[in-house]
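A.B. asks: I am attaching a structure below and will ask some questions about it afterwards.
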Amino acid sequence: MGFGDFDSICAKTALPLCSLVGPSSSSISGSTGIISNCYARNVELANTIIFEGAASFVHIIALAMTVIMILHVRSKFTAVGRKEIITFFYIYMALTICSLVIDAGVVPPRSGPFPYFVAAQNGLASALCTCLLVNGFVGFQLYEDGTFLSVWLLRLTSAVMFVVSFLISILTFKSWGGMSPTNTIGLFVVLYILNALCIAIYLVMQLLLVMNTLEDRWPLGHIAFGVIVFICGQVLLYAFSDTICDNVQHYLDGLFFATFCNLLAVMMVYKFWDYITKEDLEFSVGIKPNTWEVKELLPEEDRRTTAYQDSHSEYAGSMYHHRASTYGNQNY
């Protein structure tokens, strides 16, 4: 195995791109692809065959959790980095939808659109890591968050990495531009080296942010838990996927655990951001009722009324004195 080869990776885990890289296989009519040692069994539901049933189920859960996180972020109207972090969750949602379409077999392998969907999946993964990296700078207030510069810097860098990863993937799959399924160094560098660097730099920046600017150390727990579950997911995917698959009679494989662990890691990104972010209550719009609670009523004789004590005033018998308010049945 040389640097950038997917032979050993695809032998252990059935990644979608494994059917698009590697030498031609005479056992599959000369088609390109690397066959994994073990595949998760398919599930038949309503006369429809669903590939990777367990992983597909986790994708659906991830979509629901992402919607909840987006709604919570949107409710924090004045939080620092609100627009930037919500872009991260939108990209994660798009990646989850694309992965669900691929893993569930909506676009089956060997079909015409399949290489383009896998290339889009790779592009979204690169865009997600780049978006996370740029979000790491927001907390340092190098530029004003939520502004045109901040938001579009994030969007453009993420879009550029999506295009770069998509093009390298599709050129490799289609043997275009001097690239080929047997020359996967560029694809390996973009998918693994650059993405790993983005995540590592983000983690270092957040550690510096917490240690230097915050007195509370609880956010370090969110970072640590996110890193642990992410690493566990990657190890289960790339090192033990075939072992898991064989021992559970092909019901599960490493892709199921990696998808679940990635969801937990993304949730820790949200928890970390939510914990270190404070709203400006003076300018925020409350969405929860009864934010201010009256503990007890004043005595009757101490209540303020709008009646004037001067009986000779022309305003003493104002018609507004006895008008009932629609809020709390109070009299004005």
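If you go along the chain as it appears here, the first residue is 1 and each next one adds 1.
Note: Cβ is positioned from N, Cα and C throughout, glycine not excepted.
For reference, Swiss-Prot lists these features for the protein:
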{"type": "TRANSMEM", "residues": "49-69", "note": "transmembrane segment"}
{"type": "TRANSMEM", "residues": "85-105", "note": "transmembrane segment"}
{"type": "TRANSMEM", "residues": "123-143", "note": "transmembrane segment"}
{"type": "TRANSMEM", "residues": "151-171", "note": "transmembrane segment"}
{"type": "TRANSMEM", "residues": "185-205", "note": "transmembrane segment"}
{"type": "TRANSMEM", "residues": "220-240", "note": "transmembrane segment"}
{"type": "TRANSMEM", "residues": "250-270", "note": "transmembrane segment"}
A.B. asks: Taking 49-69, 85-105, 151-171, 250-270 as candidates, which has the most Cβ pairs under 8 Å with the transmembrane segment (185-205)?
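C.D. replies: Per the Cβ count, the answer is 151-171.
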A.B. asks: In the same chain, which residue numbers or ranges, 6 or more beyond the ends of the transmembrane segment (85-105), come under 8 angstroms Cβ to Cβ?
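C.D. replies: Distant Cβ neighbours of the transmembrane segment (85-105) are 16, 42, 49-53, 55-56, 59-60, 62-63, 66-67, 69-70, 73-74, 114, 117-118, 120-121, 124-125, 127-128, 131-132, 135, 138, 151, 154-155, 158, 255, 259, 266, 269-270, 273.
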A.B. asks: Flag the pair the transmembrane segment (49-69) / the transmembrane segment (220-240) as in contact if three or more Cβ pairs fall under 8 Å (sequence separation 6 or more).
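C.D. replies: No, the transmembrane segment (49-69) and the transmembrane segment (220-240) are not in contact.
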A.B. asks: Residues of the same chain, at least six outside the transmembrane segment (220-240), with any C-beta under 8 angstroms of its C-beta?
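C.D. replies: Distant contacts of the transmembrane segment (220-240): 9, 12-13, 199, 203, 206-207, 210, 254-255, 257-262, 264-265, 267-269, 271-272, 275.
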